[in-house]
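Trainee: First, the structure itself, so that you have it in front of you.
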Amino acid sequence: VRDAYIAKPENCVYECATNEYCNKLCTDNGAESGYCQWVGRYGNACXCIKLPDRVPIRVWGKCHG
């Protein structure tokens, strides 16, 4: 498990406005919790706490969406 920005298959973050949206997205994918990181490295993006290794995360490189 790891704390990370959850990613779509094309290495793009899930953009967000609320913590509730991200918490649901993250917990639905097996994380302990989630939050909306405002004005972070990838803009307003969902970050997950203790996200399982099987779930894709945002890695270095371009978003191909």
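Glycine is no exception: its Cβ is also placed from the backbone N, Cα and C atoms.
What Swiss-Prot records for 2-64 is domain 'LCN-type CS-alpha/beta', and it gives sequence analysis as the kind of evidence. Among the features that Swiss-Prot reports, disulfide bond is placed at Cys12-Cys63, Cys16-Cys36, Cys22-Cys46, Cys26-Cys48, with the record citing sequence analysis.
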Trainee: Could you give me three numbers for the domain 'LCN-type CS-alpha/beta' (2-64), the DSSP helix, strand and coil residue counts?
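Mentor: Per DSSP, the residues of the domain 'LCN-type CS-alpha/beta' (2-64) fall into 10 helix, 26 strand, 27 coil.
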Trainee: By CA distance, which of the disulfide-bonded residues (Cys16, Cys36, Cys46) lies nearest to Cys26 (disulfide bond)?
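Mentor: So, spelling it out, the nearest of the disulfide-bonded residues is Cys46.
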Trainee: In the structure shown, with every protein chain counted, which of the disulfide-bonded residues Cys12, Cys36, Cys46, Cys63 has the densest set of Cβ atoms within 10 angstroms of its Cβ?
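Mentor: Result for the most crowded candidate: Cys46.
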Trainee: Can you check which residue among the disulfide-bonded residues Cys16, Cys48 has the largest number of Cβ atoms within 10 Å of its own?
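Mentor: Per the Cβ count within 10 Å, the most buried is Cys48.
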Trainee: What is the pLDDT of the domain 'LCN-type CS-alpha/beta' (2-64) when averaged and given as a whole number?
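Mentor: Within the domain 'LCN-type CS-alpha/beta' (2-64), the model's average pLDDT equals 97.
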Trainee: If one measures from the C-alpha of Cys12 (disulfide bond) to the C-alpha of Cys46 (disulfide bond), what distance in angstrom results, rounded to a whole number?
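Mentor: Cα-Cα distance, Cys12 (disulfide bond) to Cys46 (disulfide bond): 11 Å.
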